[in-house]
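Take a look at the structure set out below.
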Amino acid sequence: MVNAEEQQYLNLVQYIINHGEDRPDRTGTGTLSVFAPSPLKFSLRNKTFPLLTTKRVFIRGVIEELLWFIRGETDSLKLREKNIHIWDANGSREYLDSIGLTKRQEGDLGPIYGFQWRHFGAEYIDCKTNYIGQGVDQLANIIQKIRTSPYDRRLILSAWNPADLEKMALPPCHMFCQFYVHIPSNNHRPELSCQLYQRSCDMGLGVPFNIASYALLTCMIAHVCDLDPGDFIHVMGDCHIYKDHIEALQQQLTRSPRPFPTLSLNRSITDIEDFTLDDFNIQNYHPYETIKMKMSI
């Protein structure tokens with residue numbers, strides 16, 4: 001049986017290769033790009049977890065980065081200590097100097113995702129400052145509203161803060177999401193769905209990671225709110241393939257997607273900050289081998 005949900009990702013990759021607009025980009029690599037393709041939709045029901053199978057996705061990196069966001073952390077060295085290097089380039093001394101952040105210590109990424117999720121509107125000093133009680137804790141507010149007012153239409157998590165963009169090592173690509181609680185009329189359990197808007201979508205490296213990350217966040221919030229996961233919907237703006245990824249993606253397109261794995265959470269948790277790596281159990285993940293692609297910065 002064809003994995004139709006992963007196939008929609010592969011179909012979009014093929015469409016961009018065939019029809020994408022040739023565009024320059026900030027990194028100088030060059031891209032093929034389309035704008036506002038049809039959203040991707042993934043069911044999270046029955047413990048299904050949308051971890052792409054046509055190449056191996058670094059799930060430990062997905063989990064640890066998300067836990068780092070949830071803690072409100074912005075120091076890439078904390079991830080490097082766990083042998084996760086996805087933020088190394090943007091936190092390097094050379095890169096920070098190149099964008100004018102010469103006074104930042106190496107690894108200090110500025111007020112990026114986690115800071116905005118937990119302290120939106122607070123004044124960013126550095127990655128070592130304690131910001132407890134400062135700014136708007138969007139994540140805590142969402143969880144509280146889901147528990148007390150599940151029909152609320154303001155279950156919004158935004159990483160896009162125009163006042164802070166120049167302080168960030170990299171402005172947020174996955175920038176805004178909305179949660180929705182489905183209250184069934186029958187005896188079924190309520191479900192939590194999430195829709196993400198991503199302004200800049202690197203189809204080769206970033207998007208497979210982002211799909212897994214926001215699906216995981218949805219499952220975690222559902223778990224602490226005693227809901228079942230529903231759907232994850234991925235809405236994309238500038239959806240692009242870096243030219244030096246085309247060959248690798250053409251290789252990936254030759255692979256037939258396999259069934260998605262399942263995700264189980266190993267213990268009862270009511271505080272989202274209590275999750276650790278050991279709480280996530282990915283089963284029946286049988287991907288093809290890794291396909292390496294270079295990150296453009």
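We number each residue from 1, going along the chain as drawn.
Glycine is no exception: its Cβ is also placed from the backbone N, Cα and C atoms.
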For the dUMP site that Swiss-Prot assigns to Arg153, Arg154, Arg199, Ser200, Cys201, Asp202, Asn210, His240, Ile241, Tyr242, which of the candidates Arg26, Arg45 is also assigned?
Arg26
Specify the count of other C-beta atoms within 10 Å of the C-beta of Cys173 (active site, nucleophile).
17
Neighbourhood of Ser200 (dUMP binding site), C-beta criterion under 8 angstroms, separation at least six:
Cys173, Gly237, Asp238, His240
Within 10 Å of the Cβ of Tyr242 (dUMP binding site), how many other Cβ atoms can be counted across all chains shown?
23
